[in-house]
Amino acid sequence: MDTTTVLDKYTQDLSNLPLEVKHLLQELKNKDVQLQEARKRYQTKDNQIHKFIRANGTLTKHPKEQQIYNKVEEDMVLVKKLQKEKILLANTALFLVSKHLSNFETDIAKLEKDELLPPVDNVMELDTPSSDMNSVINGLSDNLSGTTTPRGHSASTPVADNAANSMLRKAQKRKHALGMKGASGLTRPSKRMKSEDFEDKKYDNDSLSRPNEGPGNNGEDADNNLYCFCQRVSFGEMIGCDNDDCKFEWFHWSCVGITAPPKDDEIWYCPDCAPKMEKRKKKRK
């Protein structure tokens, strides 16, 4: 596997991603429209009751009060259901992007290990943005225009390799800027934890913008590992997935739609692992 192969692979893999994300966002928008309509309905009905009380006093019961409140309750249940579906759709879109990014970073690490791509720390910042862009354009223009460049027995051209190296280096820089999640060594004493229990340290909102130093340079009291579908540092309430092979392990409550802690003996799987564990459970039966 060389840099050109990796670039071609992910150009192909990502070809459908924009349409998939667009579809999920459209579904999310449709759910939001339904939610707003349901909310408007129960607020209108509730206002009817209050208007009647103001006109007739609290002792006089509205002739359709129970019927109205039943409709209000139905719409409130629907709003809660739609909100959970919106969260799931948003997390699915986030997971799709995170999955491709994680696979890309894994292949970059392999290229670095095989010395086919220089580590980001050793990349000299001599290339200007224009030269980087020109190398990418020159390397991909043949494919985009439907023409080919003679290669003889060579597996890839220098121009294509330069283009691939350029794009992969940029991906490397982005990976290090975000602070790629390393081996955290975390055990799971409890499925629910506050951020201060999670790491005895609070993080500012701008922590994502600060470059993450490599392993061993962070110090023992600093942890910039990224968790959850959102790939952010720990904060607030966290919950751990009970699947030992879970890719993300820990999740923010708000990202998975949790509002109350599960019981100590309750098994909880993240939205990504839940379908897999359900299939595994059915196979055992």
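Using N, Cα and C of the backbone, Cβ positions are placed for all residues, glycine too.
Per Swiss-Prot, the features are:
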{"type": "BINDING", "residues": "C228, C230, H252, C255", "note": "Zn(2+) 1 binding site"}
{"type": "BINDING", "residues": "C241, C246, C270, C273", "note": "Zn(2+) 2 binding site"}
{"type": "COILED", "residues": "19-54", "note": "coiled coil"}
{"type": "COMPBIAS", "residues": "138-165", "note": "compositional bias 'Polar residues'"}
{"type": "COMPBIAS", "residues": "193-207", "note": "compositional bias 'Basic and acidic residues'"}
{"type": "REGION", "residues": "138-218", "note": "region 'Disordered'"}
{"type": "SITE", "residues": "Y227", "note": "site 'Histone H3K4me3 binding'"}
{"type": "SITE", "residues": "M238", "note": "site 'Histone H3K4me3 binding'"}
{"type": "SITE", "residues": "D242", "note": "site 'Histone H3K4me3 binding'"}
{"type": "SITE", "residues": "W250", "note": "site 'Histone H3K4me3 binding'"}
{"type": "ZN_FING", "residues": "225-276", "note": "zinc finger"}
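Overlay of Swiss-Prot feature records on the structure.
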residue : record                         : Cβ within 10 Å
Y227    : site 'Histone H3K4me3 binding' : 22
C228    : Zn(2+) 1 binding site          : 24
C230    : Zn(2+) 1 binding site          : 18
D242    : site 'Histone H3K4me3 binding' : 16
C246    : Zn(2+) 2 binding site          : 17
W250    : site 'Histone H3K4me3 binding' : 21
H252    : Zn(2+) 1 binding site          : 20
C255    : Zn(2+) 1 binding site          : 22
C270    : Zn(2+) 2 binding site          : 24
C273    : Zn(2+) 2 binding site          : 19
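Cα separation, D242 (site 'Histone H3K4me3 binding') to C270 (Zn(2+) 2 binding site), rounded: 8 Å. Looking only at the binding-site residues C228, C230, H252, C255, C273, the one with its C-alpha closest to M238 (site 'Histone H3K4me3 binding') is H252. Mapped onto DSSP classes, the zinc finger (225-276) shows 8 helix, 9 strand, 35 coil. Within 10 Å of the C-beta of C241 (Zn(2+) 2 binding site) there are 24 other C-beta atoms, taking all protein chains into account.
Nearest Cα neighbour of W250 (site 'Histone H3K4me3 binding') among the listed binding-site residues (C230, C241, C270, C273): C241. For M238 (site 'Histone H3K4me3 binding'), other Cβ atoms within 10 Å of its Cβ number 23. Taking the C-alpha positions, the distance from C230 (Zn(2+) 1 binding site) to C273 (Zn(2+) 2 binding site) comes to 16 Å. Those residues of the chain, other than C241, C246, C270, C273, with a C-beta within 8 angstroms of the mean position of the Zn(2+) 2 site C-beta atoms are D242, N243, K247, F248, E249, F251, Y269, D272, A274.
Geometry remark: C270 (Zn(2+) 2 binding site) versus Y227 (site 'Histone H3K4me3 binding'), CA distance 12 Å.
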